[in-house]
Amino acid sequence: MVDSALAPPVLGGVGVVLVLLLTLPSIFGGVSHFREPVAKPETYQDKDGVATDESMSRYSARIPKGLLAFFSVLGLLTSLALGVLGTLDPQKSLLIENWLNVAQWGLILVQTTSILTARDTVRSYTLGIYTVLSCILLFAILLHEDQHLAEQLRRTSFSGFSLIIGLRALQLFLAVFAGFASLSIPRRPEVYHGGNPVDRMMSVSALHRYSFAWVGYLLARARSKNRLNQDDLPTMNHYTRAKELSEEWAAMKPSSRIWIQIFRAHKYSFMVQWCLTLGQALGNFAPQYVIFHILQILERRIPGEAVDPEAWIWVLVLALATIGASWNESWLFWISWSEIAIPVRSQLGGLIFQKSMRRKDVKGAAKEDKKEVPEGEALAGALGDAEGDKPETKEEEDSDPKSKQSTVNLIGVDAKRVSDFCSFNNYFPGSLFKIVVSFSFLYSIIGWKPLLAGGAAMLVSLPINIYWSKRYSDAQDRLMKVRDTKMGVVTEALQGIRQIKFSALETNWHEKIGKVRNRELSEQWGVFICETFLIFCWIVNPIALAATSLAVYAWVEGELTPSVAFTSIGIFGSLEVTLAVLPELTTDLLDAWVSIDRIEKYLNSPEISQTTSDGPSISFDGASIAWPSDDEKEDGDERYVLRNINLSFPENELSVISGKTGTGKSLLLAAILGEVDLLSGSLNVPRAPQTRNRHDDLATMDSWIIPTSIAFVAQIPWIENASFKSNILFGLPCDETRYQKVIQVCALNKDLEMLSDGEDTEIGANGINLSGGQRWRVTFARALYSRAGILVLDDIFSAVDAHVGRYLFEKALTGELGVGRTRILVTHHVALVKTKTKYIVELGDGTVEHAGLVEDMENDGTLQQIIRHEETESQIGDDEDGTVGLGEFSGNGTEPLKKVYSKKPDVKKFVEDEVREQGRVKTAIYMNYLTSSGGLAFWSLALLSFGVLQAVVTGRSWWIRVWTGDQQHTSLNHAFTYSFQIHDLAGRPSTHNMTTFTAEQPGHTLKYYLLVYVGFSVTSAILGTFRYWWIFTGSIKASRRLFDRLSFTILRTPLRWMDTVPLGRILNRFTADFNIVDGRLGPDLAMGANNLFRLVGIMIAGILVSPWVIVLSVSLLSLCLYIAVMFLPGAREVKRLESNAKSPVFEQFGSALTGVGTIRAFDKTDVYITRMFSKIDDHSTSYWHLWAFNRWMGWRMSIIGGFFATFVSIIILLMKDIDASLAGFALSFALEYTSTIVYTIRHYANIELDMNAAERIVEYSILPTETLEGADPPAAWPSEGKLEVNDLVVAYAPDLPPVLKGLSFLVERNERIGVVGRTGAGKSSLTLALFRFLEAREGSIHIDGLDISKIKLEALRSRLAIIPQDPVLFSGTVRSNLDAFNEHTDDELRDALLRVHLVSEDDLTAASPPLLSPELGSSASPTPSTSSTRSLRNSNPFTSLSSPITEGGLNLSQGQRQLLCLARAIVSRPKIMVLDEATSAVDMGTDALIQRSIREEFGGSTLVVIAHRLSTIADFDKILVLGEGKVEEFGTPGELFGVENGVFRGMVRESGERHRLEQIILGTANLEDRE
């Protein structure tokens, strides 16, 4: 032990050594600076960004540096003066210490000099931090010396006393001022990244950074403007940006496990987090430790005397401890989110998206552990549906996601789970630290016996806690799985909404979604029940701990003092929160483990391998190929395989691939793109240069084409949500001449003229606002405009009219822009393209039937054989005749092309930006939620339970005060009277006669006090549990009602609204927003109310002590409210931004996954990765600022709370007649003031932010729906199918011009009507009007004499049927797609498949075992011979009604999807049927058979057929010719053909099949030819 006289010199010596160590960086820096002087850089630059001239001129550190120099010099002079005075002092008081202080000030001056001379701003800032630490050390040493000096001066006298005291006080102030000056040095000038300012956290001074002051300007802006936009938020630093994080990940050495990689990537942040957690464990109990000592001092005090001076030291320590603990906790939270959670989520999101751009594009149905869905189970069984589509097995949960939605969930759900766990992983070591600290403290104040007894009581409740924690964990798991199921069902409903509306299935799907929703709410209620029991345990455990420990202590010691009672109860409360959170943390750990496992499997899943070799031309050498699969190859591999392919496509020529529907034409193209599994053989494709070597910006007309580059047009056109022009340019620079040529040769001029904003018109996702033909031509234009020398084209003629197809062939495919490029085309129109085709391939069942040069094939007759396989005689004539009039598209050939600009000054956005509310959440939203949850009666009882509970809790603490207090002060009456006496804080004794209140009370036993305490506790436990249970019941009610309204509305919104709103936005409401409303809003309301009543209780407790406390409470509360008013507008706005920023991430991910084949073919993956990084950064930015604002508020609130506890302590110590028990009662509440005020404001903010989710839900719940009014038609309506249209005028929107202008025609019963017309004539609009998707402005439509505008929409649409050009299938089985709601027998369904030629009688016979015994399914073991035979044959998926259909039917070809939709229509047998080019993707032979089936099957129905080919409808009863929204002609084909100069006659004359058509129309052709 160091002698007290030697202590200050020793401490001073240690201080000099430490300050010297802190000075070393300054010394070394100064030496290197003078050795090699470095010029001040003109512009500052680092990884975050680059400073501008303006920001460089704004940067200045002169004032803080100047003040630092001034205070350091003055401090050195002051210390010298003290050193001299100490030397002259005869008693040599503090002589050594004074000169040691001179040395410290000298070292600080050296540091200051280095700061002043440093050219590097960051170096100045860093050295300033060292100087702050030096000043803190100096301040602590000076305080200790002053205490020692004060004791000396009390014993002796010295003439220069006042001068020394003044100089030493000046030294203290100078040390503080020098420290603040060092903290105020800004780190760097403001920097910019990509033209946007980077967040200022790393630019401002340490003082601003560590007090979160740098976001103050954003909060002020939000307060003044009541608005914040994404552009107002600065860009993140490089530690948070997705691109830099992904590069950092790629640069690391790969690890076997991803969680190890995450830790390595962020190891320093994790280390800081754990160190701060240790500090938090100590800081949490520091105030209790201080209160214990203050209460002990008050217990020793004689009433009426002044308090011991030691108490004031403890008050100062309390202030420093509470403020220090608050800062530690604030910075811990900030590090956990800003440096760990947000970067981890951003990093994982970027990695998952990058992987998706490299991953195999698997379209097949995943195997389900050899389990097959039973045939009797239909999609309609709602719960069964979802389960059938997505089995809820552990294997499925853990398996690597294959569906598009599951992949998107990796970013939306799994990455968030992992990042959230990373943010609070420190709770595990933190809990251990807190247990060690608290038990050590408790042992020191109550001893081991009471502590052991309390521990035993806690252990009794531990099994109950563990049991309910396990139940809670399981319930959460089940809830997450049901949410996944719900997301799948809702996604399918939204993706197939057109089909649902056309078929009037809204009610069925509403019920289907509702059933899955009921399961979700049932699981949510299970979670709430577990939570209620856990809350009961958390309330009861500290009561049991405290009651047991204090009873044993009182029994052992014979008394219970206030210091022991109130301190122990405070520690027990803190400890129980620590222990209670562990089970939930364990659950979160398991959830995160499952999620990280799913992410790891996805990141380790197979990528597209280099299946192609570099070669001069595209060729296959004995290649066998199949669609990609993630599964190991096995006997049950049912993929379609093309075997033993030997092909060589000639360079710079047109090659054609043909074959029947489902023979693998698209598979062959995918092989060229490298998108298949190469099972054997080899495949040569010229290797394209890398994107960065293409230098697109330098391309000229001469160097435009890159011979080895590839462009691709997919069978399902992939179009982005962007402008018309952007979709064609696809990221390339605009060459106006080339662009205009492309527009012309793709026949897009007229389309542009019709579009409201010309080339600037925004196209919805997947080209939703374009016709089928327009979508194909836009994607074809994209390929033509590209720099690719190889064009891979999948069936570009199927969706366009015959004359348009010929025009595209003549002008585009083989015109100026096509010639000289290698073009590989899949088509059924062989006769159309044969004249300019060099090489032709015909595919059969899993192999190449014929392949060779056209010239050779013509000579040996093979070509004609191929053509006959593909087309009928009439179709051959159509394709071969080259007399199609092209003037419609090309003008007269001399008129220059006109550029079609937007017709309006402001381009109308098809997809509007997401609406964002402004200001606070409207009262109507709160009222909507409160009413939905139970209304006035419900919430009155809730508030009453909270109020009574707080009264009981306050009463319980008062009882402890009674238990531990003097008998003269045990009445509540005394407390109130005492409280409002005029206390003289200066210390004069009160003149009031205290004897009135000193009546002796009879003594009570320990049992009496304990029983009353337990009574209070049991009541509070029951009430505390009841209030949460009650709130949970209301939460479930509100969730059910809100969801039902939203689901009902969304399913019935107008189709145009659905087309203009991205799917991600709507899904956000159904998933993320409802997750908040279901699981967070109720608990947050409960906790907010709990904290509000606690705050009232604290203020009442203050009244019981002194009126000064209530004045102080109100004053500090006013300050807190001011901070809250500054905080809330900004927090609300960034929360709304964060909610809105999620949707673009999911939309971009979903869109890119859909078009991944096109993106990879065009080699645009880097472009889309960069774009995704930008969207992830936008979300990270808003979320990051939400936490920054949160910490800004929390830190300031904590400071105010710390002052409250300090001031209450001061008031108590100044009151000479207060006893320790009343002080303990007041201080125990005062310590809660900080957390209570912070959590009250935070929960109010949380409620506001949670209500943002309710606000978004309500916004979509009150959207206008399609009319629900109307009469019910007769049950048998329509019995005849008579259709009458009178003067019909319709438009797509009230502000748009009409698309049908006075349409009139009459269709008699069972007539077949063909509708023809150019693109934009109004054919599709007529269909929409017939189903009332477009309501009539004028005129009417009558069916069987009923005006369709007067009957219910559901009744109308359910009695009609349509087969759209774009087939809509749902994931499930063949059966679920044919008969979604289990209304037909298996025989009826198989019969429909037969009639559309998806299966033959032979197929059904061969597959009879699985058909008759579906439960055997694929699990029946085939014989070896059967197995080997099957391995060489491709199976027909339609032979079993239980064959799986993947999302969107992507495991089927386009033709197969169309035929399945046709079979669905045959099953329903409507009286009026509309076909919109329903077999465009089917080979000609099958098409002819289907046309025959249509004639046979729908002989008793009225048919309205929109046709691109006149031969399809030439023998119909009547032809309706539309032009610009009007009826050009209407009548029988013969009548119209007889009209001289008639439109129909002109179309026939222009057609390539003119002679054939004339024969059909005039009745000279035989029926077989027509079919």
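Note: Cβ is positioned from N, Cα and C throughout, glycine not excepted.
TrEMBL lists 6-31 (among others) with the feature transmembrane segment.
If one looks beyond the transmembrane segment (66-88) by at least 6 residues along the same chain, the residues whose Cβ comes under 8 Å of a Cβ in the stretch are 94-95, 97-99, 101-102, 104-106, 108-109, 112, 115-116, 128, 131, 160, 163-164, 167-168, 170-171, 174-175, 177-178, 181-182, 184-185. Here TrEMBL flags 66-88 (among others) as transmembrane segment.
The transmembrane segment annotation in TrEMBL covers 156-181 (among others).
Note on the transmembrane segment (201-220): residues 48, 64, 125, 128-129, 132, 180, 182-191, 228, 232-233, 237, 327, 330-331, 334, 1126-1127, 1129-1130, 1185, 1188-1189, 1191-1192, 1195 of its chain, located 6 or more positions outside it, place their CB under 8 angstroms from a CB of the stretch. Summarising the annotation, TrEMBL assigns transmembrane segment to 201-220 (among others).
Marked as transmembrane segment by TrEMBL: 311-328 (among others). Sequence-distant neighbours of the transmembrane segment (311-328) (same chain, 6+ residues past either end, Cβ-Cβ under 8 Å): 210, 276, 279-280, 283-284, 286-287, 290-291, 293-294, 297-298, 1195, 1198-1199, 1201-1203, 1205-1206, 1209-1210, 1213, 1234.
What TrEMBL lists as compositional bias 'Basic and acidic residues' is 364-374.
Look at TrEMBL and you will find 364-405 (among others) tagged as region 'Disordered'.
What TrEMBL lists as compositional bias 'Low complexity' is 376-385 (among others).
As annotated by TrEMBL, domain 'ABC transmembrane type-1' applies to 408-591 (among others).
Among the features that TrEMBL reports, transmembrane segment is placed at 451-468 (among others). With a cut-off of 8 Å between Cβ atoms, the residues of this chain six or more beyond the transmembrane segment (451-468) that come close are 439, 442-443, 530, 533-534, 537, 540-541, 544-549, 551-552, 572, 579-580, 583.
Taken from TrEMBL, the feature transmembrane segment applies to 525-556 (among others).
The transmembrane segment feature in TrEMBL is assigned to 562-582 (among others).
Annotation comment: TrEMBL describes 618-870 (among others) as domain 'ABC transporter'.
With a cut-off of 8 Å between Cβ atoms, the residues of this chain six or more beyond the transmembrane segment (926-953) that come close are 1016, 1019-1020, 1023-1024, 1026-1027, 1030-1031, 1033-1035, 1037-1038, 1041-1042, 1081-1082, 1089-1090, 1093-1094, 1096-1097, 1251, 1254, 1258. Residues or ranges marked as transmembrane segment by TrEMBL: 926-953 (among others).
Taken from TrEMBL, the feature domain 'ABC transmembrane type-1' applies to 994-1249 (among others).
Feature annotation from TrEMBL assigns transmembrane segment to 1008-1030 (among others).
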Paired segments the domain 'ABC transporter' (618-870) and the domain 'ABC transmembrane type-1' (994-1249) in contact, 3+ CB pairs under 8 A = yes
The domain 'ABC transporter' (618-870) [mean pLDDT, rounded to integer] = 83
